[in-house]
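What Swiss-Prot says about this one:
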BINDING   HIS153, HIS157, HIS163  Zn(2+) binding site
Amino acid sequence: MQNLNDSSISVDLTIDLSLSGFTFDLMKDSIDSKMIDLIMDCDTWRNSIVSWFDCILMQPNLTCPQIVRKNRFFSMGLLFTNDLSIRQMNKEWRKKDESTDVLSFPAIDEHIVLPPNQFLELGDIIVSVETAFKQAKIHNHSLMHELRWLVSHGFLHLLGWDHPSSASLNEMLSFQELLLKTPNGSPLRNSMRDY
C-alpha cells in the first residue's frame, strides 16, 4: 500500500464541487460560527476529496470504475441537511421512513464516452449534520471528524463500494480510516484537526 503521508505523490485532478447547507439556526447553541464556516468551506471539502482520490487512484487493486481511473475532471454534489430532510429523502428513495446519517446517489455510467477534459458526474452525497453531531458525541470525537467520516463513506459509495456483508463493511470502514489519515493540503487543515 502507498505511503499515505507522502505529499510528493499527487494526481492532477479538478473537482467541481457543489456544496449546499441547511440553516444552522436550529443548532446555533451546539455549533459555533467558526465550525459552521469550516463545515461550509468548499475548498476544505474539495481538498479532502482530491486527497482521497489520490489515495484511491494510486492503488490499482481498489474498487474504482475504470472511467474514474481514466478521467481527471469530476463533478459532484455535497449537501448538509437536518434529520427531517434526510428522513424524507430516505423514505422517498430507499423506502425507509427513518433518518440516517448519510445518503449517496451514484451517477457514474461506465459506458459513457466522454470527450477530453469533460467533467464526469460522480453523484451526490447528503449528510445530516444533526445525526453527525449526535454520533460525534457518542463516539467521543469532533463534529468535523464525524462529517469527514460520513462524507468519505458516501464518496466510496459514489465510486461503487458497497457493504452487503459484514466483511465488505469492515473492509470499507478500514479504508475510510486510511482516507481520513491522508493529508489534504487545505489551509484549514490545522483548523479541521482542532475540532
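Any Cβ shown, glycine's included, is placed from N, Cα and C.
Note that the coordinates shown come from a computational prediction; the quantities given were computed from them, not determined experimentally.
The Cβ of HIS157 (Zn(2+) binding site) has 19 neighbouring Cβ atoms from other residues within 10 Å, across all protein chains displayed. In sequence order, VAL102, SER104, GLY154, LEU156, TRP161, ASP162, LEU169, MET172 are the residues of the same chain, not among HIS153, HIS157, HIS163, whose CB sits within 8 A of the CB centroid for the Zn(2+) site.
All chains included, 15 other C-beta atoms sit within 10 angstroms of the C-beta of HIS163 (Zn(2+) binding site).
For HIS153 (Zn(2+) binding site), other Cβ atoms within 10 Å of its Cβ number 21. Under the three-state DSSP scheme, HIS153 (Zn(2+) binding site) falls in the helix class.
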